């Protein structure tokens, strides 16, 4: 990242080494997941040579895309020190809405747009409730989780959409790709890169980090706090909506239970990916890597002969491990900074 | 007290502004006029309403009544962004930084220079920050995250932030509190240059000599009310103090002589890594020991560690010869230690609970039988202490949050005095309370010491330290810098030690 590159002349050596140290820590956090992921995949490949075949890679990517999309949206919200628990419900209802539209012979592109628009609608509701209500996001979005799930049940009842109801081109889009790279993964990669670039290079993106880091300071600095929180929820809702449409394209099967409990997987992915739940730090790349890691475990375990009943337990262990590592690293960093500050002081003193 | 004010239109002014927070009237009918090219001082004791006034100018608080005038025309600032867009830059007393962002981002948040397509120009942000630091003569790396910066460095970042606005009005709330002499000199140089280029400056400092150095005009507040606006020229420090205090100092600081007895609290080589180092002192029965120092020097942190709220890494604490354990507040309480914390709203009281309940929070052992709470005993304990401290309340069942700041503080004191402590630690005992109650709290502390209590009083209010303490301990950057007896304690000697210019540790 160019942001972390330093001009040669700017700083005294002491300060420079401190920031270099921090930069390393932050980069290492994302690099660590990547290393774990690569090691895991390589080890599995040694055990089972068919694992990383063209189809194998394609499956890994396909499995990851939807979770990555929702995780990117969730990360945007978590960076502002909030959370959106309604993403699973949103994904379910938007998948169903798009399915209903397509079953009636609608244009696939319009179907996707409908899903996104519906997601944006729920994002607006969440964003307004959180930013205006001064109520913890956890509680608000737990409420909307159930409301949206309820709407889903009322609207669709016991109806079900199957692949046979959908235009064939739509399903093809969900399965095919260029060689080992599915179209869905490409689309997700584009979204990921755009989101990362927005968060890094636009004032409003930087504001999200600022208000997650210190809401009070953000208010005093004139950051439009409510507007920014609303934006984060809209992004999150839109991506959950897009994910709903892609879910439909990939699986073809949707019922009123689709996406149940998905929000917890998403939050795990985001946290494993190093986006701090206390806001202000982490990146969507990290969240995407976290999502990739979690979904890859799902594929890895069966292929090395471990029963899939272990998957959830291992996900949980991974989550605790990630949080423990973050905590230890944070304490270490704080200790180092304190010591450095003390050294600088005494250096000034004795000068 | 009027003065021949210039005919010019003030850049920014308040006319007849009032602001209340619940029962507390923070500002009453206050007017203030800031002129281009002039540095204006705002004087007043802690709690006189200075910070509220600044927040009204900065768009953080909307006045209940009265108007804000910009270039003579009434304006309403709906938020800090409005004030900022009108050219008002503020340096707050407590640095408000984003710990996760780099220093450069902290300075330019929401106003980053942009290149094509509205993208933030990270390189210019960094460059502009480096330029600001060069102008201020500061060695800080723009890319370093704000987390872990010392208070002084945080303050410098705040100053750089305010300068980056090219503001028409620069408001500074105690900007020099944590700075060294040379940093202050450089800051003043920059401020003078700004003023000469036509900016209006509002300056708050408890160091009166700085007011005389930097400012042309001074407005004094007392208990939220406007007292005077006048030119600095021809004024003496004593004049200013009299305006601020509004009564004789003897009356405000009724220190009785007390017989100093044996050591009650003994602290030996106490260290918490990176926070304070090698702190040793004694407090004797009958003695009020003042603990002075700049914000961030580690005073409250020492108190918290002694009481056991935070752990210490090395050293010993004894109460009446009984050693305390690190990180064990209930043990400290049973040994006879009481801590009236710095922030009564967050740490001293449970704001939603009644007066009675708050006083009895420390008394579950004393008022319960066989583990069951005895309401009668609780009630009489609360009544007893509320009466002794003359808390002004309607009913004991009233929620404590409805009381004024001074009465809230008395409830905190009652809560701790009811435990019959041997050593009382009070952290900023009179912050944000009116002058009348302040005098009462001082009389009470003095009386308690005369009755044989050992008192350790932390305060940022220098006149309070000088007026009340038998001995003044001064901390500087985590170390005890001086131990000054009452007779030798002056504003100069304490400030010299607090800023690291003073004598070596006693």
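In case you wondered, yes, glycine gets a Cβ from its N, Cα and C as well.
Ranges compared are A:60-79, A:80-99, and TrEMBL records transmembrane segment for A:60-79. Counting only same-chain residues 6+ beyond the ends of the transmembrane segment (A:177-199), those with a CB under 8 A from a CB of the stretch are 54-55, 57-58, 61-62, 64-66, 68-69, 72, 76, 79, 205-206, 208-209, 235, 239, 242, 246, 249-250, 283-285, 288. Here the transmembrane segment (A:317-337) does not touch the transmembrane segment (A:229-249). Their Cβ atoms form fewer than 3 pairs under 8 Å, with each pair 6 or more residues apart. Within the chain carrying the transmembrane segment (A:137-157), a Cβ under 8 angstroms from the stretch's Cβ atoms is held by residues 77, 82-86, 88-90, 92-93, 96, 100, 122, 125-126, 129-130, 255-256, 260, 263, all 6 or more beyond its ends.
Using a cut-off of 8 Å between Cβ atoms, the transmembrane segment (A:261-280) and the transmembrane segment (A:229-249) share fewer than three residue pairs, counting only pairs 6 or more apart in sequence.
Cβ atoms under 8 Å from those of the transmembrane segment (A:60-79) belong to residues 41, 87, 91, 137, 175, 180-182, 184-185, 187-188, 191-192, 195, 199, 208-209, 212, 232-233, 235-240, 242-243, 246-247, 250, 262, 265-267, 269-270, 273, 275-277, 279-284, 286-288, 290-292, 294-296, 298-299 of the same chain, restricted to positions at least 6 beyond its ends.
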